[in-house]
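All remarks here apply to the structure that follows.
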Amino acid sequence: TGVLDDCLCDIESIDDFNTFKIFPKIQKLQERDYFRYYKVNLKRPCPFWADDGHCSIKDCHVEPCPESKIPVGIKAGSSNKYSKAANNSKELEDCEQANKLGAVNSTLSNQSKEAFIDWARYDDSQDHFCELDDERSPDAQYVDLLLNPERYTGYKGPSAWRVWNSIYEENCFKPRSVYRPLNPLAPSRGESFYTWLEGLCLEKRVFYKLISGLHASINLHLCANYLLEETWGKPRWGPNVKEFIRRFDPAETKGEGPRRLKNLYFLYLIELRALSKVAPYFERAVVDLYTGNGHEDAESKALLLDIFRDTKSFHMHFDEKSMFAGDKKGAKSLKEEFRLHFKNISRIMDCVGCDKCRLWGKLQTQGLGTALKILFSEKEIQSLPENSPSKGFQLTRQEIVALVNAFGR
């Protein structure tokens, strides 16, 4: 309960607004064809360290699609690689389990595959200024997000810890004088951490809160959709209250849990703000959510515009005008620093050992990156031409899908 720092809003109003207005609509939108297929490359090697997680789930049970018409070289194979450390049979069992649950279901109907070629052609003709190299890779494949929900797969331990540690330690603008690891899961030494955070400029505080909010969101989904038991090979998923308390209860987290949850609300507000700002881009007749089915495309667009109207009606937005508002030169270099830190975090997602976790990590990072791109492009969005593809600001289908699904999370 109560007020969020750095903006004039209270938790209860956000809850009401989301529960009654936004959530039912965004859920519907996520089920539509345009938004349920996301193209992702799960085979990119980790650029920062050799993958030595005891349970390295590389190409785990990705269904081969030989007659695929998509230019997607889906590689067959389920050669699960184990490191030497994994000779303990209990660990091997855990590993098998995580492999099975972390596997991405990449089965797609031939009809879908043929449609994707058409979508890609349409996308290519839209004059994008920002081509994500990943999409052209032969390893990139379409994944049906509805078949691959975000949930607890058994991926934990040193490998998962290392990913978050790297994100917090190396990418959150930490001054060297702060001893305590930034990762809020780390054992704490001394209480100067939040004094330090409050001493940061607004932008850097915001960056930390966004990453913490993303972390809280992912942890919440793991608790809400947890593997409760596996009997006769039939897994049963559901809310795990004990796990939720362990990660968020003030008594269990030295008072840290509620802050994490507040950062989740903060993340929600930032992405909400981005949606309300990008509305003019989609309101133009020249933009449609193209899948080739005219009727469905029109319905999807109407639903999206309806959500935009709701986002604009919410009066307690985070005001990003206070960000990057200092002297021009300082603001420009800070914005660039923001962008690079963010790019780096999206690369760290290639180090996540479980394919399902990697999929949702990449998607939510790209969604947040897209939200920031929108917030920093207000002038360009306002001066878009009504009837021709835009030179100054453009969103790829990938970015749109990531933005909507990340906000949906």
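Cβ coordinates come from backbone N, Cα and C, glycine included.
No curator has checked TrEMBL annotations; they are predicted automatically.
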Ask   = Do you know which of Cys351, Cys357 TrEMBL records in a disulfide with Cys354?
value = Cys357
Note = Close in space but at least six residues away in sequence, with Cβ under 8 Å from that of Arg151 (FAD binding site), the same-chain residues are His221, Leu222, Ala224, Asn225, Tyr226, Leu227, Trp237, Lys356
Ask   = From the Cα of Cys354 (active site, nucleophile) across to the Cα of Thr153 (FAD binding site), what is the distance in angstrom?
value = 8
Key: Rounded inter-Cα distance in Å - Ser212 (FAD binding site), Cys357 (active site)   = 17
